[in-house]
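Student: Take this structure, written in structure tokens, and hold onto it; I'll ask about it next.
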Amino acid sequence: RDEKNQSIIVSGESGAGKTVSAKYAMRFFATVGGSASETNIEAKVLASSPIMEAIGNAKTTRNDNSSRFGKYIQIGFDKRYHIIGANMRTYLLEKSRVVFQAEDERNYHIFYQLCASASLPEFKDLGLTCAEDFFYTSQGGDTSIDGVDDADDFEKTRHAFTLLGVKESHQTTIFRIIAAILHLGNLEIQAERDGDACSVSSEDEHLNNFCGLLGVEHSQMQHWLCHRKLVTTAETYVKNMSVQQVVNARTALAKHIYAQLFNWIVQHINKALHTTVKQHSFIGVLDIYGFETFEVNSFEQFCINYANEKLQQQFNSHVFKLEQEEYMKEGIPWTLIDFYDNQPCIDLIEAKLGILDLLDEECKVPKGTDQNWAQKLYDRHASSQHFQKPRMSNTSFIVLHFADKVEYQSEGFLEKNRDTVYEEQINILKASKYQMVADLFQDEKDAASATSMGKGTSKISVRSARPVIKAANKEHKKTVGHQFRNSLHLLMETLNATTPHYVRCIKPNDEKLPFKFDPKRAVQQLRACGVLETIRISAAGFPSRWSYHDFFNRYRVLMKKRDLSKNDKKQICQTLLEDLIKDPDKFQFGRTKIFFRAGQVAYLEKLRADKFRAATIMIQKTVRGWLQRVKYKRLRQAAVIIQRYTRGYLARRLAEHLRRTRAAIIFQKQYRMLRILRAFQRVRNATVTIQAFARGMFVRRIYHKV
């Protein structure tokens, strides 16, 4: 109605219901704004959900279907508000989950779905058994989720792939890659020379399956899993790797393969949802990981909570700062409401020499370690009110977030931020006999490129692992933290350019139980995300506002004709509102805008709709009357013409009848006359003859007598 792009920001803790809420919102838009053509684009938009949940959601201790990545879906509309396409951006997939799961957690759903369907004929050559048999799917213990049928969900995922136009051959390759990752995790690494060197047996069943499924050379992969190449200015060395280095390299490779596959699927979903029709406007739905804290919090939790800090800041900025500043600027009587400003916490993370800057700096140091980085944090930020050092640890640090304080273990931060993979292994995958597998590992520039949906949309920001840059390329590879910070800034720019709407999901309890409500936890979440202050500002404030020009244009139908003749629009608006809304507390006149309390714009919209309804009825009545009159005249004219032709026909028929009747009478008269004449002549002739004979007889008789 307002001709503006909109964003729906769904936020809350992990397990509060953000993904389901986002699905409901998308289902609503798909139902209300169904595509005008036969492209069935709204069904495709909805079909993206089961795919993204399968490859990007997993069971955690807080949530059985936790989103381990963030996504922002822009649904594009044409001028008639029909869906014409969509575009999805994803943020920071939690790749470490592919190779490690904490107690009572699972890997991504797609691994378990594929294992549950391994007995199907088309999957016989994948070499899969049950999920308990694979290291990458069994570390968390229980591989099933109560009330979830993985095999049934896999059928839904395959159906969604088909609906989005992913070819059967591509689907097969996707499942081959996922199965290959599981086999990679089961490789048996045999230590040699006291662990300084190691090897993988050429007879290893899982290595054979891995190479066969990905279509790569067996001997090459066997060699480069346990060796690495060192390039110097003079020559190139091939160096043995220790068992731990091989395990780390294997882990990095598995994460990289999965991240590239995730990237490929997102690009193909965007291709399926892409449109060539010009986009008039869009509604964005942001479903991003919620604030979370576990027993062990690492780099992923840090990035997730950093993203939530940014979203909370955007909410604060929109609801509190901008709101209250606007009241002051417009001269509206207002008492300032205090709210929690989390800008200092964000500065701690992303400002110059903040946590991320120091992390990137340590990554550039040749022998940088997690402990050195933690020490730099203590030295630099000890005085910050949002940073603390734990008493019992020299490798952990505490950040006081808006929702809660979280202790992060520094171990693994540098490795996850660098996100390096050995180039030799990537080159083997690039040489795969399967085109799709080779395409996954193309150059960084090609992998980063993606389709955008239309005018005004930005490129897909899929943040995933990249191959190590070759020695000749001197450009420094951007770290994961740097990429994530940039993608968050891009997201904030998009959100700030739209009209935001907020859905706050509140988690009723921490036990994942139905029908159990913990009031203290609910209040804690309401306080943390600023809902209580929002209620206060909404109750005391003026949530709706119109510039005088826009108000005049929208509600001029409610104005009297004599008022419209005046030139001062501000005065016209004031006169109208004083007539329509009797309570002067329900609105305020600012310098450039009119401010309304909650519900007043809806009341004005009702009056406007009633006015339009009355005008519509009048127009309908007049048009229907005119149409009936036109129809009557047409029928009357047709009736007159039919009558004229009928009367002419009847008159002609009567004249013909009269003419025939007269002719018949004349015929009858002449015939009767002739018949009578002939009869008369016959009688007369007979009489004359009789008379002649009689007279002759009498004369002869007299003659004889005489």
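The backbone N, Cα and C atoms fix where each Cβ goes, glycine too.
Note that the coordinates shown come from a computational prediction; the quantities given were computed from them, not determined experimentally.
The feature domain 'Myosin motor' is assigned by TrEMBL to 1-609. Residues or ranges marked as ATP binding site in TrEMBL: Gly12, Glu13, Ser14, Gly15, Ala16, Gly17, Lys18, Thr19. Taken from TrEMBL, the feature region 'Actin-binding' covers 488-510.
I'm curious about the neighbourhood of these features; can you describe it?
Tutor: Neighbour list (Gly17 (ATP binding site), Cβ cut-off 8 Å, at least 6 residues apart, same chain): Cys505, Lys507.
Counting residue by residue with DSSP, the region 'Actin-binding' (488-510) contains 9 helix, 7 strand, 7 coil.
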Student: Quick check: which same-chain residues outside Gly12, Glu13, Ser14, Gly15, Ala16, Gly17, Lys18, Thr19 lie with their CB within 8 A of the centre of the ATP site CB atoms?
Tutor: Asn63, Gly290, Cys505, Lys507
Student: Cβ distance under 8 Å to Gly15 (ATP binding site), same chain, sequence separation 6 or more: which residues?
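Tutor: Residues satisfying the criterion: Thr60, Arg62, Asn63, Ser66, Gly290, Lys507, Lys512.
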Student: Name, in the order they occur in the sequence, the residues of the same chain whose CB lies under 8 A from the CB of Glu13 (ATP binding site) and which sit 6 or more residues away.
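Tutor: When sequence neighbours closer than 6 are ignored, Glu13 (ATP binding site) has Arg62, Gly290, Phe291, Glu292, Ala403, Cys505, Lys507, Gln525 within Cβ distance under 8 Å.
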Student: Tell me, how many other CB atoms lie within 10 A of the CB of Ala16 (ATP binding site), whichever protein chain they belong to?
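Tutor: Around the Cβ of Ala16 (ATP binding site), 21 other Cβ atoms lie within 10 Å.
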